[in-house]
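Visitor: Provided herewith is a single structure, encoded as structure tokens, for subsequent inquiry.
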Amino acid sequence: MVLEKGYLVLSTGDALEGKWLGASSSVEGEMVFNTAMTGYQEVMTDPSYAGQIVTMTYPLIGNYGINDIDFESGEPALSGLIISSPCYKPDHYQANSSIREIVDKFHIPTLYDIDTRALTRIIRENGEVYGKFSMSKEDKPKKAKVDAKIVDQVSVKKMIRLRTSSNQSHLTEFSKAHVVLVDFGYKHSIRHALMELGCDVTIVPYNTSVEVIKGLEPDGIVLSNGPGDPKDLDYLKHSIKKLTELYPTLGICLGHQLVAIAHGGETTRLPYGHRGSNHPVKDLTTGKVWITTQNHGYVVDMDSIDEQEWQISHINVNDRSVEGLMHREKPILTVQFHPEAHPGPIDTHLIFQDFFNRLVRKGEKQHA
Ligand SMILES: NC(=O)CC[C@H](N)C(=O)O
């Protein structure tokens, strides 16, 4: 028998009726919403959504299908998905499966025919909301927070060495740049962006020691995005600080928050997060505003930044929150938004170029 009706029950006491897209489920998670009009495949496979039930505010999901090239990880990590109107017959030259097939293949708990506008209002008004999928509207979510060890579930277990075939490297006179990507739940687009610039990339588990990383002889370090509350990784602050002292460093999203914490900064929770692909960010060094992709619920507290040591390089135009930091002396750059984009505009790819130029400068110095 196919069980059609399902409920999303919330910690606010609300219950929304929908239908199961695949199998029924009793999954729980933190409720978040993403406002991007396209990019559902990348959102579904971004490991930063682990532990969360993602509501797509754009009503029609699935119309251009699922392809082989836009996966941001091997397997979707999100706890659940909420859709208003799924499209079962995709129309796109790259599509090779439908949203329904992918939901079945990866067992993604999904409810559709949910009033996503009403749900988004509930999340916006209450901030921290937890949800549970259920067969009964009387049910209640039990979980109070995303698991403190969530990064452990998405980070690689073993080191992965990738060699670029790009000969675009400006380092060819010396050697290619070698970047160690510390994986807190990295998106594949980060690795692609680095390799396209001519970097060899070694992906290491998030808790790899400084000694092991030193042994890899990197030219620079990238600290990736990832799920959960950055404060749960407070115990890594000494090794992260050490890495930033030893190597040119780029921190992305969770990586940015962890660099701030490692240098004495604090993080707080945003009222309801920034998740979408049109968040305006001002680059304070040039005065330019970029349209950026974002996916975060926490933010670095501006007052906790030592401005003698750090320059606040980017701020969010909507709420003035910190979007980027730059060390005044050392080659350390961090951004709260996603320069790799996917989904969303690639305008801020130049952040990777900026990081890469710092590796080049270091290489030139060493070989001078
Ligand atoms: N995409 C990310 O890296 C998210 C960072 C962190 N989990 C947050 O929600 O703020």
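For all residues, glycine too, the Cβ spot is worked out from N, Cα and C.
Note that the structure is a prediction, hence the values are computed from the model and not measured.
Pulled these from TrEMBL:
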ACT_SITE  CYS253  active site, nucleophile
ACT_SITE  HIS338  active site
ACT_SITE  GLU340  active site
BINDING   SER48, GLY226, GLY228, LEU254, GLN257, ASN295, GLY297, TYR298  L-glutamine binding site
DOMAIN    4-134  domain 'Carbamoyl-phosphate synthase small subunit N-terminal'
REGION    1-177  region 'CPSase'
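Show me how these features fit into the structure around them.
Guide: In this structure, CYS253 (active site, nucleophile) belongs to neither helix nor strand by DSSP; it is coil. Remark: CYS253 (active site, nucleophile) has SER48, SER224, ASN225, GLY226, ASN295, HIS296, VAL335, GLN336, PHE337, HIS338 as non-local neighbours, by Cβ distance under 8 Å and separation of at least 6 in sequence.
All protein chains included, HIS338 (active site) registers 27 other Cβ atoms within 10 Å of its own Cβ. In this structure, HIS338 (active site) is part of a beta strand by DSSP.
DSSP assigns SER48 (L-glutamine binding site) to a helix.
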Visitor: Taking DSSP states H, G and I as helix and E and B as strand, how many residues of the domain 'Carbamoyl-phosphate synthase small subunit N-terminal' (4-134) are helix, strand and coil?
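Guide: For that range the per-state counts are 27 helix, 43 strand, 61 coil.
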Visitor: Give me the Cα-Cα distance between TYR298 (L-glutamine binding site) and GLU340 (active site), rounded to a whole Å.
Guide: 19
Visitor: What whole-number value in Å do you get for the largest C-alpha pair distance within SER48, GLY226, GLY228, LEU254, GLN257, ASN295, GLY297, TYR298, the residues recorded as binding L-glutamine?
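Guide: Value for the max Cα separation, rounded to a whole number: 13 Å.
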Visitor: Cβ under 6 Å from an atom of ligand 1: which of these active-site residues qualify? The list is CYS253, HIS338, GLU340.
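Guide: Checked active-site residues vs ligand 1; flagged CYS253.
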Visitor: Name, in the order they occur in the sequence, the residues of the same chain whose CB lies under 8 A from the CB of LEU254 (L-glutamine binding site) and which sit 6 or more residues away.
Guide: SER48, PHE184, GLY185, LEU223, SER224, ASN225, GLY226, PRO227, GLY228, PRO230, LEU233, HIS296
Visitor: Let me know the model's mean pLDDT on the region 'CPSase' (1-177).
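Guide: A mean pLDDT of 93 is what the model gives the region 'CPSase' (1-177).
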Visitor: Could you tell me the C-alpha distance between GLN257 (L-glutamine binding site) and GLU340 (active site) in angstrom, no decimals?
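Guide: Distance (Cα to Cα, whole Å): 17 Å.
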